[in-house]
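Structure first, then comments.
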């Protein structure tokens with residue numbers, strides 16, 4: 001791995017650790033400020049609603065920008081917006097959170113595009129695996145550190161630490177190279193509409209890639225819906241305590257670190273196709289074990305599988321995206337499809353909650369886990385088609401991406 005790749009990995013890792021600290025701190029901070037569970041729940045609705053609007057044109061902006069400068073500016077702006085949070089009244093605090101959600105909707109496609117530009121194609125699987133390993137470590141350490149800060153200090157300190165992490169990320173990004181935008185600037189309405197047409201045309205011409213991307217997004221939506229109900233499901237259907245739930249989260253984190261380490265260690269040996277197959281099969285198995293479990297031991301097995309094999313699935317699918325979506329179109333493609341994903345996320349979260357209230361939480365959980373299995377079978381059926389091997393090659397540069 002080159003020094004530039006390590007610098008980018010460090011920048012992303014620092015902000016990732018800060019994010020997990022912030023995730024715990026902001027929930028505690030809002031609850032202490034309002035005493036309302038609904039106010040805390042609103043935090044989880046802001047991002048997908050904002051994404052519905054912003055992602056319709058965020059990709060057009062990303063693909064026309066100096067990505068390094070955009071990432072530095074957004075890191076600095078996030079540091080400022082997070083840093084002032086403890087001084088804001090509740091009404092302004094939610095405006096601040098909406099602004100952060102807008103920035104996040106831009107940063108996600110920008111980060112993916114910058115990684116794809118900076119990291120050579122045959123190094124991307126390793127880079128993505130190490131990034132997953134850092135994320136897994138942040139998942140374990142970040143909340144624990146946040147809990148310690150809340151115990152010895154306050155939520156304000158934890159929030160400010162997140163602001164500092166974005167400053168550190170911005171400083172590291174300043175050491176990385178700039179890349180000229182591959183298309184001319186201009187953000188008129190007709191430019192955005194033209195971008196939509198380009199994405200539509202690419203989707204038609206690359207139906208195999210688009211089909212796999214769509215199915216992967218459906219699987220992600222199903223898992224997100226299942227995750228939103230896991231606390232209720234585990235307590236009502238299996239009778240686990242909050243302590244048991246905390247242990248399950250720790251086991252998931254350990255599994256995730258182990259899985260990410262294996263992927264990073266054998267990234268040059270395992271093919272993307274193999275990792276996709278292994279990852280998505282065992283993620284589906286893990287969710288079915290979780291949904292049908294009637295004991296703590298079965299739930300533990302399911303969560304360990306989820307933690308470990310999410311790393312395989314996530315790393316390999318990200319590499320597949322970077323290999324098969326043209327670089328000059330990547331921001332627009334992922335953002336526009338992100339609009340549909342955000343809408344389906346909201347619908348899925350509402351649906352699984354309503355089904356749990358109308359029938360039972362066990363029924364809704366098994367239903368969504370079953371849908372996940374069906375979509376996984378369709379996805380792997382496409383992945384394993386004998387004549388599609390070229391879509392999973394990572395040792396040759398795809399010239400179309402650099403057009």
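Going from the start of the chain as shown, residues are counted 1 onward.
Each Cβ is built from the backbone N, Cα and C atoms, and glycine gets one as well.
Marked as domain 'Major facilitator superfamily (MFS) profile' by TrEMBL: 208-403.
Residues or ranges marked as transmembrane segment by TrEMBL: 7-30 (among others).
Positions annotated as transmembrane segment by TrEMBL: 36-54 (among others).
Here TrEMBL flags 75-95 (among others) as transmembrane segment.
Per TrEMBL, transmembrane segment is recorded for 101-120 (among others). Residues of the same chain lying 6 or more positions beyond the ends of the transmembrane segment (101-120) and with a Cβ under 8 Å from any Cβ of it are 4-5, 8, 12, 46-47, 50-51, 54-55, 58-59, 61-63, 65, 67-68, 70-71, 74, 77-78, 81, 127, 176-177, 179, 318, 321-322, 327, 330-332, 334-335, 338, 397, 401.
Positions annotated as transmembrane segment by TrEMBL: 132-151 (among others). With a threshold of 8 Å between CB atoms, the same-chain residues lying at least 6 positions outside the transmembrane segment (132-151) that come near it are 9, 12-13, 16-25, 28, 157-158, 161, 250, 253-254, 256-257, 259-261, 263-264, 307, 311, 314-315.
Residues annotated as transmembrane segment in TrEMBL: 157-176 (among others).
What TrEMBL lists as transmembrane segment is 206-225 (among others). Beyond the transmembrane segment (206-225), the same-chain residues lying 6 or more positions past its ends with a Cβ under 8 Å from any Cβ of the stretch are 280, 283, 287, 317, 320-321, 324-325, 337, 340-341, 344-345, 348-349, 351-352, 368-369, 371-372, 375-376, 378-379, 382-383, 388, 391.
The annotation transmembrane segment is assigned in TrEMBL to 245-263 (among others). Using a Cβ-Cβ cut-off under 8 Å and counting only residues 6 or more beyond its ends in the same chain, the transmembrane segment (245-263) has close neighbours at 125, 129-130, 132-133, 135-137, 139-140, 231, 234-235, 270, 275, 299-300, 303-312, 315-316.
The transmembrane segment annotation in TrEMBL covers 270-290 (among others). Proximity of distant same-chain residues to the transmembrane segment (270-290), defined by a Cβ-Cβ separation under 8 Å and at least 6 residues beyond the stretch ends, is recorded for 125, 219, 223, 226, 230, 263, 298-299, 301-306, 308-317, 319-320, 323, 365, 369-370, 372-373, 376, 379-380, 383-384, 389, 392, 394.
What TrEMBL lists as transmembrane segment is 296-320 (among others). Outside the transmembrane segment (296-320), and at least 6 residues removed from its termini, the chain residues within Cβ reach (under 8 Å) are 112, 124-125, 128-129, 132-133, 136, 212, 216, 234, 238, 240, 244, 248, 251-260, 262-263, 267, 272-273, 275-276, 278-283, 285-290, 391-392, 394.
Residues or ranges marked as transmembrane segment in TrEMBL: 332-355 (among others).
For 361-385 (among others), the entry in TrEMBL reads transmembrane segment.
Within the same chain, residues 4, 7-8, 10-12, 14-15, 17-19, 21-22, 24-26, 29, 68, 71-72, 75-76, 78-80, 82-83, 85-86, 118, 146, 149-150 sit at least 6 positions outside the transmembrane segment (157-176) and bring their C-beta atoms closer than 8 Å to a C-beta of that stretch. Averaged across the domain 'Major facilitator superfamily (MFS) profile' (208-403), pLDDT for the predicted model comes to 88.
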